[in-house]
Amino acid sequence: MDTALKRSRSEEPVELPPPAREAEEKEEEEERMEQGLEEEEEVDPRIQGELEKLNQSTDDINRRETELEDARQKFRSVLVEATVKLDELAKKIGKAVEDSKPYWEARRVARQAQLEAQKATQDFQRATEVLRAAKETISLAEQRLLEDDKRQFDSAWQEMLNHATQRVMEAEQTKTRSELVHKETAARYNAAMGRMRQLEKKLKRAINKSKPYFELKAKYYVQLEQLKKTVDDLQAKLALAKGEYKAALKSLERISDEIHERRRSNAMGPRGCGVGAEGSITSVENLPASKPEPDAISVASEAFEDDNCGNLVSEDDSETQSVSSFSSGPTSPSEMPDQFPAVARPGSLDLPSPVSLSEFGMMFPILGPRSECSGASSPECEVERGDRAEGAENKMSDKANNNRVLSSTSAGGGRSRSQSSTSLEGQALETRMKQLSLQCSKGREGIIADIKTVQIG
């Protein structure tokens, strides 16, 4: 029983702690994402071509380096062999090698002069043949022109003769130059041969004794020259293979940069709005339709102006109605003459601090219409309205003073400029309200005087 329990416990999967499990799940998710990206993205066909070039260049470089190393090793081995054998032979021959060196040097110079003279002779012969062929062409052209009975000398014939003449002149110049070079080389060759014969007669015994040494030296010299030429060719081929390898690497690097840039742009996605611009996006088309919301001060000032003007209009209407009841004049207010001065509309109110609409209502109580008073045309009603206006003016001045005190207290002792500006604004507001109340009282006095005049009349 115990063994069965142990076996069942051992077969149960071991639960990992939460951090280890999360890390393992994260790694598995990253691996799946990488595999998915690799499967989704197709391999750029340019990569395959550049990789083939890179592999081919690598093989060429390895092969050329091996061949170059073998050629250099062979050159060094031949050089060592020639040095050892020539030293042994020089020791065997003795002093005759040093004595016969001038002769062999003169012989080498004569051989070089002979080769130059042969080359100059070939150039001279070639120039002579070209000159002869050009002269024959001109003679044949002239002969055909003379044999023709019509003798039509057209532009094509003239152009052919011009080319033939030009070739003759060039051939003559080439022949002259080659002739001069041939003479110079022939002179050097004759001088070298004369010196060689002179030394041969003088050093005949030493020359015969050291001849095996210099013949072996010439043999190794020719062999070393051939090996040196092979090494130079292999070095040029190796440099070419390295250039191809470098070009393939640059191409692969450029393709890799393009792929990484494309992946980065795809991962970033389209560019969105800046920080803080998510909730306040307003299109250009909706700009004309959007209107700024009025603040509390502007709403209060507009309400105050509308109520004052409404009160003035209602008072004018009531007075007009009372006048029309006592007189037989015009029955509509529009037919009455303009006897009352126009009341100036107050401008926008500039308060020293933000004031809500309810506070503004407390500061400036709005008078009700004149019709609400019991005695519309009685002097008691006029006195009551005057008391209301005076009370409203007193409350307004008290409220403005309180606002000035509050604003000056909140500003602190270090803001003298803000306090002075606040007090000036409060004084300007008080002066403006006094002017408005005076204008309203003047309008009422004029209306009362007109009513009394009508009643007396």
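Backbone N, Cα and C define each Cβ position, glycine as well.
What Swiss-Prot records as phosphoserine, among SER265, SER328, SER423, is residue SER423. For the residues SER327, SER374, SER416, SER420, Swiss-Prot attaches the annotation phosphoserine to SER420, which does not rule out the feature elsewhere.
Residues of the same chain lying 6 or more positions beyond the ends of the compositional bias 'Basic and acidic residues' (44-53) and with a Cβ under 8 Å from any Cβ of it are 244, 247-248, 251-252, 255, 259.
Sequence-remote contacts of a segment are chain residues at least 6 beyond its ends whose Cβ falls under 8 Å from one of its Cβ atoms, and for the coiled coil (213-257) they are 44, 46-47, 50-51, 53-54, 56-58, 60-61, 64-65, 67-68, 71-72, 74-75, 78-79, 81-82, 85-86, 89-90, 93, 97, 100, 104.
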